[in-house]
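The N-linked glycosylation site feature in Swiss-Prot is assigned to N29. Marked as S-palmitoyl cysteine by Swiss-Prot: C315. According to Swiss-Prot, the feature topological domain 'Extracellular' maps to 1-37, 94-118, 184-191, 267-279. Feature annotation from Swiss-Prot assigns topological domain 'Cytoplasmic' to 64-72, 141-163, 212-240, 301-317. Annotated transmembrane segment per Swiss-Prot: 38-63, 73-93, 119-140, 164-183, 192-211, 241-266, 280-300, in sequence order.
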Amino acid sequence: MPVQGSQRRLLGSLNSTPTATPHLGLAANQTGARCLEVSIPDGLFLSLGLVSLVENVLVVTAIAKNRNLHSPMYCFICCLALSDLLVSGSNMLETAVTLLLEAGALAARAAVVQQLDNVIDVITCSSMLSSLCFLGAIAVDRYISIFYALRYHSIVTLPRARRAVAAIWVASVLFSMLFIAYYDHAAVLLCLVVFFLAMLVLMAVLYVHMLARACQHAQGIARLHKRQRPAHQGFGLKGAATLTILLGIFFLCWGPFFLHLTLIVLCPQHPTCSCIFKNFNLFLALIICNAIIDPLIYAFRSQELRRTLKEVLLCSW
């Protein structure tokens, strides 16, 4: 949401420049150099947010309705859906309010708009942080279920999962308020970037280790049944492809946004960096796309959840 003044807010006003006519083309930056700028139409931005909102509401509803899904794993998946819901909802609200203000359909005092902007920024930042945390929590949960299968139910209990969820939400809100309050400090932006890289490394290490264990297990079964080596290789290739897609989507959807934050610290006035800054709305749209993809990867693959979802949809009609 636009804020008066030359300073940029961490989330709300990094995109404070009014949206130009939607296009994909070359725009001139302040030095006259040509750079690629991708403008996201407001309608597309709102549509992506709405799809994500509906998807994640369905996931939360299905998990809440079915007591069989009240397990630690689904607790993390439900909270991931709630985080993605808030990411999409807060960005939709910000876009809608901005459009109404620009069109003159909504009259509000500057102080009220500023307070609303602060609230939306905190919600957006905290939901982004919690979303990354819950992606990491799901990876840790799956890792424990594979490498400590016999002790899993004693290690990952529902009370512990609830305490972890509460800690993640509280930490996300507190740190987001801190980040918003000190948005103009380079250390704040670097902390966010380091946090993203830490989550990326954590997920990569855990999932690669899980893939290696799965390949060893498949190789053992193949030897037991005296199968040919290509069958094991096929399993390994399939697992590697799945892992590449999972981590690739995570990096492609979240990476540009954190690259944006990194460049704000490293080269805020450089012409090339200025070109990248013009695509902030595209980076936010990619995060919303990730919120659309998350339910497909982590939730809708569950047969029990899909069955509950069908019941919810049939009852709603």
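Just so it is clear, glycine is given a Cβ too, placed from its N, Cα and C backbone atoms.
Here the residue listed as 'S-palmitoyl cysteine' comes close to no residue that lies at least six apart in sequence on the same chain with a C-beta under 8 angstroms from its C-beta. Looking at 38-63, 119-140, 192-211, the range that has the most CB pairs within less than 8 A of the transmembrane segment (280-300) turns out to be 38-63.
Long-range neighbours of the transmembrane segment (192-211) within the same chain, counting only residues 6 or more positions beyond its ends whose Cβ lies under 8 Å from a Cβ of the stretch, are 129, 132-133, 135-136, 139-140, 142-143, 146-147, 179, 236, 239-240, 243, 246-247, 250-251, 254-255, 258, 261-262. For the topological domain 'Cytoplasmic' (64-72), the list of distant contacts is 78, 141, 156-158, 160-161, 302, 304-305, 308, 311-312: same-chain residues at least six beyond its ends, Cβ to Cβ under 8 Å.
Sequence-distant contacts of the transmembrane segment (241-266) (same chain, at least 6 residues past either end, Cβ-Cβ under 8 Å): 8, 14, 132, 135, 186, 189-190, 192-193, 196-197, 200, 203-204, 207-208, 211, 273, 276-277, 279-280, 282-284, 286-287, 289-290, 293, 297. Each residue in the topological domain 'Extracellular' (184-191) gets a DSSP state, and the totals come to 6 helix, 0 strand, 2 coil. Mean pLDDT across the topological domain 'Cytoplasmic' (64-72) comes to 91 in this model. Residue counts for the topological domain 'Extracellular' (267-279) under DSSP, helix first, then strand, then coil, are 7 helix, 0 strand, 6 coil.
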